[in-house]
Amino acid sequence: MNRKKRRLYILLLCAIGIGSATALTLTAFQDNLVFFLAPSDIAREAPPPGRAFRLGGLVEAGSVERGGATVRFRVTDGAHTISVTFSGVLPDLFREGQGVVAQGVMGPDGTFAAREVLARHDETYMPPEVAAALRRSGHWNPSQGAAPPAATWNTLSPATRTGS
Amino acid sequence: MLRGVDATSPSANLPRPGGSLHRFANPGRFLRLTDSWLPVLAAAAALVLGWGVVWGLFFAPPDWQQGETVRIMFVHVPMAWLAMGGYLGLAVLSLMSLIWRHPLADLTARELSPIGAAVTALCLVTGSLWGRPMWGTWWVWDARLTSVLVLFFLWLGHAALVRAFDDPERGARMGAILALVGVVNLPIVKFSVDWWNTLHQPASLTRIDAPGMHVDILYPLLVCAVGFSLAFAALVLAATRAAVMERRVRALQMAAARRAEASA
């Protein structure tokens, strides 16, 4: 075994060592690495009362009530739903069907009192005309959640887009 | 004297037997070979980048919900790709440095890291500018944003470490080790959005046949990415060539000084 080969094997061994150490660390700190808890996570194991955490999910369709300075809405992940109250400025992207991450504490009545609400948009990007065409054709209602599979719209031609 | 070996080069020794990698190991040959590449690369970068930026900023449609703000993507995403791709390049250079003691790999790595740090900083800044109007915050400590910040510190750390030693070879060795240890961060950056809940959305381009993005936005983004990559390559090549020449000038000055001392 010559010197170059030996150096290569030493580096490979180090890579395996560092890689597995990192993997173990990340697995151990799994709970601390999540940025928010989904309603299902909370249903499974609720955080201790009075402790601040972040709640994330979609704003349920038809759940937004604006009464004065306070907004009430429900955050859902499909399986479970949690009511949220918030008084403050909502981000521009806030709407029904949008992803949100709210920071706050769970009240005794099971309502989440948010101090801050952030919008979390999805990974799809489409021109306004395409979104309008999908809505008109009944393929997508943005307030119900995520857009349909990208393959059904990502090549809709400009002629279709402007043909309204 | 052998043809193709530059007698004025401080490393004007015979090409070592070995793989084709050593074709580039001789700095004199590297300078001659890349002499004609640099203008071509720079011109291609200017052309493609100009095309992509004009297409993206003026002709691509806005997003249905993010509006015109989505155009930040045409800078942010190429910067993010280059920050990670460039780091992969740094890791390959570090391997070449540690295993084959490739002198040009050391020089290139040294010149690459400040540019990589700048690109990663641009990724963070444009992301922050994008996050404020869309998410409602400049910064959050979610897994994606934090791991990219760590990537930025790795770039900076490498740039500082290779310059921190009186013996440049020792600095290069230390920098290469740091760069290789830092490679564990690359999959964390890439998969953070899949492994953990993050505020940052998952990747749009997971499969090339089904991008989660309309082609009118996708194509200018890809052109911008190619343009920025060409510009990145041109910058690194120019900086490496300058470093080779700088080293050669220093070697000549040292030789002249030694001669003057000997004759005095």
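For all residues, glycine too, the Cβ spot is worked out from N, Cα and C.
Note: TrEMBL annotation is automatic and uncurated.
Owing to the predicted nature of the structure, the values given are computational and were not obtained by experimental measurement.
Residues annotated as transmembrane segment in TrEMBL: B:37-59 (among others).
Residues annotated as domain 'Cytochrome c assembly protein' in TrEMBL: B:41-200. For the domain 'Cytochrome c assembly protein' (B:41-200), the predicted model reports an average pLDDT of 94.
Beyond the ends of the transmembrane segment (B:79-100), by six or more residues, the same chain brings 18, 21, 106, 108-109, 112-113, 115-116, 119-120, 122-123, 126-127, 148, 151-152, 154-155, 158, 172-173, 175-177, 179-180, 182-183, 186, 189-190, 225, 228-229, 232 to within a C-beta distance below 8 angstroms of the stretch. TrEMBL lists B:79-100 (among others) with the feature transmembrane segment.
Under the heading transmembrane segment, TrEMBL lists B:112-131 (among others). Beyond the transmembrane segment (B:112-131), the same-chain residues lying 6 or more positions past its ends with a Cβ under 8 Å from any Cβ of the stretch are 69, 72-73, 75-76, 79-80, 82-83, 86-87, 89-90, 93, 137-140, 145, 148-149, 151-152, 155-156, 158-159, 162, 175, 232, 235-236, 239-240.
Annotation source TrEMBL lists transmembrane segment at B:143-165 (among others).
Remote same-chain partners of the transmembrane segment (B:177-197), defined as residues 6 or more beyond its termini with a Cβ less than 8 Å from a stretch Cβ, comprise 84, 87-88, 90-91, 93-95, 98, 109, 142-144, 147-148, 150-151, 154, 157-158, 161, 203. What TrEMBL lists as transmembrane segment is B:177-197 (among others).
The feature transmembrane segment is assigned by TrEMBL to B:217-244 (among others).
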Mind checking which residues reach the transmembrane segment (B:143-165)? Cβ under 8 Å, same chain, six or more beyond either end. 80, 83-84, 87, 90, 106, 109-110, 113-114, 116-117, 120-121, 123-124, 127, 171-172, 174-175, 178-179, 182, 185-186, 188-189, 192-193, 195-196, 198-200
